[in-house]
Amino acid sequence: MIKIAPSILSADFSKLAQEVKDVEQGGADYIHIDIMDGRFVPNITMGPIIVEAIRPVTSLPFDVHLMIEDPDRYIDDFVNAGADIISVHAEACTHLHRTVHLIKQRGLKAGVVLNPATPIEWIIDILPDVDLVLLMTVNPGFGGQKFIPNVLKKIRRIHELKEENGWTFEIEVDGGINEETAKLCVEAGANVLVAGSAVYRSKNRREAIQAIRGS
Ligand code: DX5
Ligand code: ZN
């Protein structure tokens, strides 16, 4: 079962509630929310108050992608704002095990994220504890970038490790996902596809979601 997580980073923020409802009606499985602090990544986006503001608009799970340094400081704010899944970058956590368990103790699903150039070894020891592994297929910071094909090897390897060990985490990809690159990622073992511009820049979001899902 392939899940589609439209990233609201590419939505029209002047009518954000409507944009969230539109992808829910279009068949989205998660709402992907990109939080950037201007330090871990060059861009600044939104904080917990936006997450809280759109929480009543949809019943879809909020898939919160934290691109911030030292994310432990803000976990509770995003929990209280209504996040369902919180993912943190291995590169941004000094004590990744502590951060993952902080998220889980709050009753949420915890994900770990790797930038395109970060090796799997960085997260190998935490894999039994996580609910989701997010492999970046662009360098995080902006929507609308080009897919980096070299990450496919990493998706395959994570998928193999998951199968060998009987782990149940989801494998998510994020960045430059469209109909074509989605297919490659699914073949490699991904089951959650984030798509920003491919969904929000298309007039018919339902058709875009279906095309990316491949059905
Ligand atoms: C990139 C963000 C992505 C971004 C994806 O830093 O994490 O979620 O919104 O946008 P597209 O699908 O346009 O590459
Ligand atoms: Zn993201």
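Just so it is clear, glycine is given a Cβ too, placed from its N, Cα and C backbone atoms.
The active site, proton acceptor annotation in TrEMBL covers D34. Its Cβ placed at the centre, D34 (active site, proton acceptor) has 24 other Cβ atoms within 10 Å.
For D174 (active site, proton donor), the Cβ neighbour count at a 10 Å cut-off comes to 26, with all displayed protein chains included. The annotation active site, proton donor is assigned in TrEMBL to D174.
The Cβ of S197 (substrate binding site) lies under 8 Å from the Cβ of S10, G143, G144, each of these being in the same chain and 6 or more residues away along the sequence. According to TrEMBL, the feature substrate binding site maps to S7, H65, G141, F142, G143, G144, D174, G175, G176, G196, S197.
Per TrEMBL, the feature divalent metal cation binding site maps to H32, D34, H65, D174. Under the three-state DSSP scheme, D174 (active site, proton donor) falls in the strand class.
For D174 (active site, proton donor) paired with S7 (substrate binding site), the C-alpha to C-alpha distance reads 9 Å.
In the structure shown, the C-beta of H32 has more C-beta neighbours within 10 angstroms than that of any other entry among the binding-site residues H32, H65. Counting every protein chain shown, the Cβ of S7 (substrate binding site) has 25 other Cβ atoms within 10 Å.
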